[in-house]
Every structure is written in structure tokens, then in C-alpha cells.
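Visitor: Can you keep this structure in mind? I'll have questions shortly.
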Amino acid sequence: MSDLSIQKGFFDASRLSVAPMMDWTDRHCRYLHRQLSGRALLYTEMVTAPALVRGNALHLLDHAPEEHPVALQLGGSDPKELAQAARLGFEAGYDEINLNVGCPSDRVQSGTFGAVLMKSPGLVAECCAAMIAAQPLEVTVKCRIGVDDQEPQEVLPEFLARVASAGVGRFSIHARKAWLQGLSPKENRDIPPLDYELVQQMRGLFPALHLSVNGGITTLDQVEAFLDAGLDGVMVGRAAYHQPTDILAAADRRIFGTTGPDATAEGAVRAMLPYIEAHLVAGGRLNQITRHMLGLFAGRPGARVWRRMLSEGAHRPGAGPRLLEQALVEIELASRVASV
Ligand SMILES: Cc1cc2nc3c(=O)[nH]c(=O)nc-3n(C[C@H](O)[C@H](O)[C@H](O)COP(=O)(O)O)c2cc1C
């Protein structure tokens, strides 16, 4: 496969992506999501460049071959350190390196990375140029539309132009500002208003860029509507985590045009069993995986029993795949009762 077709492949994959989410999109979560969609692009949690380069925490790069296509999200603002971290990501086998310019947490602000970098497009461009020069993978950026009292109409196009001039061709835009003073990271995902219209305008202004919209998208219908309206990609965060089946199970057919049958929650559970077994044999705990599986049956008969059985049972000593098999029986019973 030529380099170009590899890049094209990931352009396609990013028609639908699952957003990077700290503590949520770890390797077990990504493995689960991959059982529901073979095609959507998956992002890691943010890994900071200092942790990799200074802390030598290379275990943070661990992932399974089945997760591809998978992008590594980095946090940082030192071009040299980010370049080294990007190189490590390439060597670890990731498909894309993404820079976090959207996270508003205090810890991140004090290290000068995340959303505060919206104020320093020149530095972001320098970081991206260094990451591009250090390794062959595509470097992408996830950003906000602005921070604090910035005027998004002005700063977003300036930011995109400046960073694109460093060689970045693909952006995911969380379509709301981050307010760095006074709001918690959680509030910063809900309170600043969404401005999808502005992202659409950027689509018109920068026809050569690949732009994904992110923020507040909760159904596959909405994903399709954004793609139909001309956006290149849609990134879904919380909804993909809490209702993974709703967002991902039909995605290969509806978003990527494949012809096979849609995935099912039951199928995903069964596909997870050997993975879980191997995790337990290696000394891991069941709950480390099942905590990401609680929403698999969201909205379906038996969803509550499923959640309860997993949340209560997965901590118990000796808990293993059998618990999931028992919970699946409950789902089947609940479905039968509901259809009578
Ligand atoms: C628990 C959690 C952790 C997050 N961690 C990250 C992160 O590590 N990097 C990042 O760029 N965004 C992070 N975000 C923001 C999401 O990627 C996304 O931009 C945001 O949730 C809005 O999308 P949504 O409305 O589809 O959830 C996080 C969000 C949540 C809920």
C-alpha cells in the first residue's frame, strides 16, 4: 500500500471517530468499541509528552493490534519533547498522532498544554512541525473554537491557517469555547454554547482541510446529517462511551458503506470473552474491562439488570467470563418478556 493510500484510509476512518477521553478510552474500552465497528477511528486518552519522554512511561502506549485504526493523542507544548513523543508513538505502532488543544483542566493549563494553546497558534504550529519532521505518521489537531474572551470568528480561522501552514491537514473541532477560569473541565463540556455553524463556515473557508466536528452529538442520525452537510468527519465522545451500541453498531454500514450485517451488543460481549480471559490470566481484574461495558444494552430490555450484575459482580473474587454469560442470559430473558 502506498503512503498516500494509507493516509486516504485514515481520512476515511475519521468520517466517524470516538473522541479521546481520559480514564475512559483506555485500551480495554477501545478493544470493546472495535468489536462494534471495524472502521471508526479510535483515539487514546491523552498521554502527555513529559510522561513519555521524561517519565519513560512507555506502558502508556500499550495497545492491541485489533484496535487499528487507532490514533495516539499527545499533550504538551514543548516542540522537542512532542517530537520525541510522536516518534515513540510511531514506533509503538499507532496510525496517527494527535495534539490536544482542547482540554481545559487546571493541571493541563499549568503545564501549558490543552485548550490554553488556542492562545498560541504559533507555538502549536511549531510543535506540529516538529512532530511531523520526527516521524512519518499524519499529525492532526483537536481544538476548541476559542478560549475565554477570544472571538471565535476571528481566532478559529487564524488558528487553522497558522497550524495548517505547518503541515497539518486534519482537525477535530470541539464546537464550543473553553472557559479557563471559573468552570470545571466537566462544566466546560456542557456550559459554553455549541457553535456548529462556525465549524460549517470553516469548511467553506478551508476546502483543502479535513474537518471533523465534535461536541454534543448523540445519535448516528446526527452524524449522518453533519456528513451530508459537507463536513468530512464527526467525532463522538460521551455518547459513544455511554451508548456504544447506538453509535457504533450500525456505523460500518451507515457511515462507511460496508455491506455485512450490523454488529450487536451480544456479539460484542461474546467477542470480548477471550480477551477478558487473557486479561485475567495475565493478572488483570475483570472490572477493568467490564466498567466500559455497562452501557452496551442502554435503552434495551434488561439494561438495568445488566448494569447491576456487572457493577456488583465484577469486583468479586474469582469473577470472570461466566458473569458476562449469566448477564447475557438475563438480557435474553428480558427481551423475551418484552416481546410477549
Ligand atoms: C471523561 C472525559 C475525558 C476527556 N478527556 C479528554 C482528553 O484526554 N483529550 C481531549 O482532547 N478531550 C478529552 N475530553 C473531551 C472529549 O474528547 C470531547 O471533546 C468532549 O467530551 C465533547 O464531545 P461529546 O459531547 O461528544 O462528549 C474528555 C471528555 C470526557 C467526558
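The backbone N, Cα and C atoms fix where each Cβ goes, glycine too.
TrEMBL feature annotations, pasted as is:
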ACT_SITE  Cys103  active site, proton donor
BINDING   Pro20, Met21, Met22, Gln73, Lys142, His174, Asn214, Gly215, Gly216, Gly237, Arg238  FMN binding site
DOMAIN    18-329  domain 'DUS-like FMN-binding'
SITE      Asn100  site 'Interacts with tRNA'
SITE      Lys186  site 'Interacts with tRNA'
SITE      Arg189  site 'Interacts with tRNA'
SITE      Arg304  site 'Interacts with tRNA'
SITE      Arg307  site 'Interacts with tRNA'
Visitor: With Asn214 (FMN binding site) as the reference Cα, tell me which of the recorded sites Asn100, Arg189, Arg307 is the closest one.
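Guide: Answer for the nearest of the recorded sites: Arg189.
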Visitor: Cβ under 6 Å from an atom of ligand 1: which of these recorded positions qualify? The list is Met22, Lys186, Arg238, Arg304, Arg307.
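Guide: Checked recorded positions vs ligand 1; flagged Met22, Arg238.
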Visitor: Hey, what's the Cβ neighbour count for Pro20 (FMN binding site) at 10 Å?
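Guide: Excluding its own Cβ, the number within 10 Å is 26.
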Visitor: Compare all C-alpha positions of Pro20, Met21, Met22, Gln73, Lys142, His174, Asn214, Gly215, Gly216, Gly237, Arg238, the record's FMN binders, and send over the largest distance in angstrom.
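Guide: Across Pro20, Met21, Met22, Gln73, Lys142, His174, Asn214, Gly215, Gly216, Gly237, Arg238, the widest Cα separation comes out at 20 Å.
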Visitor: Could you tell me the C-alpha distance between Arg307 (site 'Interacts with tRNA') and Lys142 (FMN binding site) in angstrom, no decimals?
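Guide: So the alpha carbons of Arg307 (site 'Interacts with tRNA') and Lys142 (FMN binding site) sit roughly 32 Å from each other.
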Visitor: Pop the Cα-Cα gap between Met22 (FMN binding site) and Lys186 (site 'Interacts with tRNA') into the table, whole Å please.
Guide: 12
Visitor: Work out how many Å separate Lys142 (FMN binding site) and Arg304 (site 'Interacts with tRNA') at their Cα atoms, rounded off.
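Guide: With distance taken Cα to Cα, Arg304 (site 'Interacts with tRNA') is 35 Å from Lys142 (FMN binding site).
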Visitor: In which DSSP state, out of helix, strand and coil, do we find Asn100 (site 'Interacts with tRNA')?
Guide: strand
Visitor: Roughly how many angstrom lie between the C-alpha atoms of Met22 (FMN binding site) and Arg189 (site 'Interacts with tRNA')?
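Guide: Counting only the Cα atoms, the answer is 13 Å.
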Visitor: I'd like to know the mean pLDDT over the domain 'DUS-like FMN-binding' (18-329).
Guide: 96
